Amino acid sequence: MLLSFLRKNLRLTGTKYGCGGGGCGACTVMVSRYDPQTKNINHWSVNACLLPVCQLHGAAVTTVEGIGSTKTKLHPVQERIAKAHGSQCGFCTPGMVMSMYTLLRNNPQPTMEDVTEGLAGNLCRCTGYRPIVDGYRTFCEVNSSRPELFSKGDLLPLDPTQDLIFPPELMRLAEVKDQTTQRFCGERMTWISPGSLNELLQLKADYPQAPLVMGNTNIGLDMKFKGIFHPVIISPTQVPELEWFVFVGVCVGAGCSMSFLKSVLERSINDFPPESTHMFRTLLQQIKLVGGQQIRNVAVSTLGGNIASAYPNSDLTPILAAGRCTLVALSKDGRRRVPIDKDFFLGFAKTVLKPDEIVLSVFIPASRPNEIVHAFRHAPRKESALATVNAGMRVWFNENSNVVKEISIYYGGVGATILSAERACQQIVGRPWEEATLSDVYSTLVDEIKLGPSAPGGKVDFRRSLTLSLFFKFNLAIQPLPKHIQPGYQEFQNVLEGQSAQDPVGRPMMHRTALSQATGEAVYCDDLPQTDGELFLVIVTSSRPHAKITHIDFSEALKLPGVVDVITAKDIPGKRFRTFTGYDEELLAEDEVTCVGQMVCAVVAESKAHAKRGAAAVKISYEDLQDRIFTVEEAIEKESFFLPRRQIERGDVEKGLREAEQVYEGEIRIGGQEHFYLETQSFLVIPIGEEKEMKVYLSTQHPAFTQEAVAETLGIPSNRVSCHVKRLGGAFGGKVTKTAILASITAVAASKTGRPVRCVLERGEDMLITGGRHPVWGKYKVGFMKDGRITAADFQYYANAGNVVDESVLVAEKILLHLDNAYNIPNLRGRSAACKTNLPSNTAFRGFGVPQCMLVVESMIDDVALKLGRLPEEIREINMYKEVSLTHYKMEFDPENLVRCWNECMKKADFRQRRQAIDIFNQQNQFKKRGIAIVPIKYGIGFAEAFLNQAAALVHIYKDGSVLVSHGGTEMGQGIHTKVQQVASRELNIPTSLIHISETSTQCVPNTCPSAASFGTDANGMAVKDACQILYNRLEPIRKKNPKGTWQNWIITAFLEKISLSATGYYRGHDLDMDWEKQEGKPYAYFTYAVGCSEVELDCLTGEYRTLRTDIVVDIGRSINPSIDIGQIEGAFMQGLGLYTMEELKFSPSGVLYTRGPSQYKIPSFCDVPLKFNVYLLAGSSNPHAIYSSKGIGEPTVFLGSSVFFAIKDAVTAARKDAGLTGPFQLNSPATPERACLACATHFTQMVYESYSNPFVVCFLLSYPKNSVKKKKRKKERKVIFK
């Protein structure tokens, strides 16, 4: 692949590996080709991980390094994303840069729609996307009157004349039109690129089973992720007949890319009469939804390939079939025209095409008079996601009549191939398009489209409901949800009056390495150059959820070329386990495995490819054990828990429940979440060769913990192991415990072989092995009065910990410590349990149990409101802490700023006026509803384990006046190095340009604590402050002697006078504790307060939603760096939005994780950003408990993403009200479109439920009049009970 060639062969490491499947955009580069016919140079953004180098003959490839650097000159694209604070961890930044650069090469004056479309194939897990959009908005508009976090005045202008020229030698090569067949022979595979159509047909006859690859979207992914092997691959990219097009209707070569087809259709729409363009417009709409821009841009995603692959959820085949399209199939025996219809598709990935046939061209007919064509789809994410269900529909009316002459209805995603609703079509033909006809169609569709309970893809009821809803949309032509992203607003405190202009504290300062990240110069672990003799390690994992290991046979693996050794538990010279909260976790399983994905052994080889091949050859024999546990219900039944189980209580809960005027019991389930840091787990371990020393380069939040783990595993002292962390490409809690284990295994391999060993997990391996956020089942019983006051609440939390304890007990404890959130409930009890199951163990994740805990609490608040017929915000306000109070663990705090945040958010969001406007909107719209919600948070900062709150630092001043700072925090995008730089600048009274932070190393600062709990800057900033003050005080005599001297003069003088210019700083931290026996303590240094308000618009027919607006008010004291803090707030919010509305981890019944990459697991993208996103930092706030009166902010606002969840629930409530349903209802998290749609209880979901002969769900649904779209009058409510 181009990606590995760039990184390993050319050492161009700015292009990143993020997923390997074209789903994240981290590997985006620009490919350019010269077209000798048009004399134009065409530019495309592409995914380097999917693009074979063999296909690039005659092309120019531009990487992020090629467009600008900090050493020469920046390109405006690089500068603007950096200065707009659009780069945090920076791992996704080069891909963002190259997508935008390619767009500007093609269109120097883009619209915002162009920008968002161009970036749709790129993912970011840190920023929340808003600053990236704002940075690149500057290419679309110039002036803005609103306050901003960056100045536009000094930005480099875009000058297309300064861009790289296309290599003249490639232009000459293209003019020659050399059609020679190209043949590339590898170790196991041959790649042939024929130069003519005749050669292609001959090759297809010689190798009928060889796949045709115009790019690599399907075949490449199958080979990479499914282990499918093809000894011969034919790539007909040089065959011109596959790329031509003519305007007879539209006839295009089967090899044209989606972007090329898009341009052809756009021209056709302009050239044909408007009434003839229905089909073209519809197909154009669908093309924009095929992957990201990078996928559409190259021959990787061709029209012919899309058809021939015959995937059941293709976005194009339903509309091509409905739209009367045909194709020309060609072989040595001749050509034939084949209709693309129900008879063309024979089954999953099977068509009527013969093995030796190729698709030459596709004909797309123009629409006829009185003919209407539409396409519809529903997907887990609005963009860059495979459809759950899609449809192509065409109707042709008799002239001047509503009588149907001809109709086609095709669905994708409801079978092994696309499905033609023939019976439904027969119901319509010859009848007028009216209510009675359509009513019969709905009934027929319910009977015609059947999905069994175990149908692949699940979501059976939802998919069946969608088939009805999408046909209903065809009739109604409902307008799509809004999507234009508007400029947001960011408000922050000004610096104190009289503060020196040189003092950077409190100012929005750019991330210190943002420019290096934007140019690809920033070095991540896997960017380190290959060392002499380096080996690669691949982990072999268990394929059984619970079994004894009877034998590990790696004899065949050792016979393979390039394989050096296999590492098992027996090779570990020291400790074979790590201990967490009293439980041992094996590094490599020896006798028994307890989940699918548990690490068993590792293969070490000369290259990654050899190591993967060796890992596949390892055979592990098992004896299955029957007592398997996957769910918390099973764990509860079998009493499978990690101890201790915690409980906390204040007041008398039983008495409070008895005295309440009403009591309600409810529950909610919160799904897990994958960290999805863009940089996967990465390690490079180098044995020094002397006294058993080891250098460990890795991506971790806790270098000292890894140092200790490696030392104990190898049986050597910690002073022989040095861990080095330059930066992390994201972490979010996921690079602590499993990272130490993986580093230890890699170190064992390095120790045994005596050679450097690199280990970089692939995305699927990372998701399988490392675990994520704990799924939680929350149950509650609440007593309340008619005026909304909650008198008592009793909570029970069950967290699915997985197969080993990891940090699950600590997560369960933190859940209970945040039980009250922002509410003063006099009688409160909480119990929590970490359930031991046979799934991969879960671990720390941003928020550490608090996002799950508080969703249960706020769901209880919502249910109280629904029971009382009041608004949720009223119940929240009534029960909120309002004066100096004690928490349920007897810690005193003042909620003044919490109340201020609430009042400010209500005001800034125009909440009450918008609530009224939403009520009016919902009255006027039946199948679209809007909802709004506002939620508060009180989040404790710091570690309850007091020893984790300490920090140390080392500061050197060199003779030239430059300063080197080392501290224990790791930079993972949260900006800790930038803030520390600001601290040192203030304390030493020097500009930040003199201060450098190289890396985090256990050689410089020992015994560090993890960068976690939103406490990194609090602790390490204080340690650096201490060291700088020591140095500054040492220089006091020098300054007094020469008060007008410069900093450099003072340093030279100090050196000559033998004054030490190096100092260690130390911060002891807060003495925090929690006594669980007494159920009291002070586990937190202080609280960060925030309130978030979100409004959504929901499509009740499909469950899709759009966040129209979000307003967040946060009390973070006096911000050290507003741009970084606001970026953290926005990024955490978007991660919370993903947790609560879209991110789903799916397991098989036998415990196998299905969702192992961005194609199955959807994190928020640009299309999910609130259309208006406003963040306000509370003015006039301070915090005496942290450095410079600031507050920790990394974790708290994750929970504010739940404001979108509750806004969806509010919209669903309005839809249910139309259906005659009132009162509390359970909406589990994430509130996916499936859950939202089914909860709306529309007529179509009722029809699906009623179609079952043995229904098992209890539902209360309204019986609508048939085709009630046009009827305002409601029929009487009817209760339907399914037993």
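Including glycine, each Cβ sits where the backbone N, Cα and C put it.
Curation does not apply to TrEMBL; its annotations are automatic.
Taken from TrEMBL, the feature domain '2Fe-2S ferredoxin-type' covers 1-67.
Other Cβ atoms within 10 Å of the Cβ of C24 ([2Fe-2S] cluster 1 binding site), summed over all protein chains shown, number 31. Residues annotated as [2Fe-2S] cluster 1 binding site in TrEMBL: C19, C24, C27, C49.
Counting every protein chain shown, 31 other Cβ atoms lie within 10 Å of the Cβ of C124 ([2Fe-2S] cluster 2 binding site). Sequence annotations record features per position, and here TrEMBL assigns [2Fe-2S] cluster 2 binding site to C89, C92, C124, C126.
Residues or ranges marked as domain 'FAD-binding PCMH-type' by TrEMBL: 184-369.
Look at TrEMBL and you will find L212, V213, M214, G215, N216, T217, N218, I219, D315, R377 tagged as FAD binding site. Long-range neighbours of L212 (FAD binding site) (same chain, six or more residues apart, CB within less than 8 Å of its CB): K204, I234, S235, P236, G305, A308, I358.
The Cβ neighbour count for R846 (Mo-molybdopterin binding site), using a 10 Å radius over every protein chain in view, is 25. The Mo-molybdopterin binding site feature in TrEMBL is assigned to Q701, F732, R846, A1013.
Taken from TrEMBL, the feature substrate binding site covers F848. Within 10 Å of the C-beta of F848 (substrate binding site) we count 25 further C-beta atoms, all protein chains included.
Around the Cβ of E1195 (active site, proton acceptor), the number of neighbouring Cβ atoms within 10 Å comes to 26. If you look up TrEMBL, you'll see E1195 marked as active site, proton acceptor.
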Completion exercise
Of the binding-site residues C24, D315, A1013, within 10 Å of E1195 (active site, proton acceptor) (CA to CA), in sequence order, we find A1013
Practice task
Round to the nearest Å and give the CA-to-CA distance linking C92 ([2Fe-2S] cluster 2 binding site) with C24 ([2Fe-2S] cluster 1 binding site).
Solution key: 8
Fill in the blank from the handout: Residues lining the Mo-molybdopterin site besides Q701, F732, R846, A1013 (CB within 8 A of their CB center) are A731, G733, G734, A844, F845, F848, S1011, A1012, G1194, E1195
Handout entry: Environment of C89, C92, C124, C126, the listed [2Fe-2S] cluster 2 site - residues of the same chain whose CB lies within 8 A of the CB centroid
Key = S87, Q88, G90, F91, T93, R125, T127, L678, G729, G730, G973, G1131
Completion exercise
Filtered by Cβ under 8 Å and at least 6 apart in sequence, the residues in the chain of D315 (FAD binding site) near it are Q286, L289, V290, A375, R377, A387, N390, G412
Handout entry: Residue among binding-site residues C27, C126, A1013 with least C-beta crowding, 10 angstrom cut-off
Key = A1013
Practice task
From the binding-site residues C89, C124, M214, R846, A1013, pick the residue whose C-alpha lies nearest to the C-alpha of C49 ([2Fe-2S] cluster 1 binding site).
Solution key: M214
Practice task
Using C-alpha atoms only, work out the spacing between C124 ([2Fe-2S] cluster 2 binding site) and C24 ([2Fe-2S] cluster 1 binding site) and round it to an integer in Å.
Solution key: 8
Handout entry: Summary of DSSP states over the domain '2Fe-2S ferredoxin-type' (1-67), given as helix, strand and coil counts
Key = 16 helix, 19 strand, 32 coil
Handout entry: Distant-in-sequence Cβ neighbours of Q701 (Mo-molybdopterin binding site), under 8 Å, six or more positions away
Key = L728, A731, G733, K735, V736, T739, T970, M972, P1010, S1011, A1012
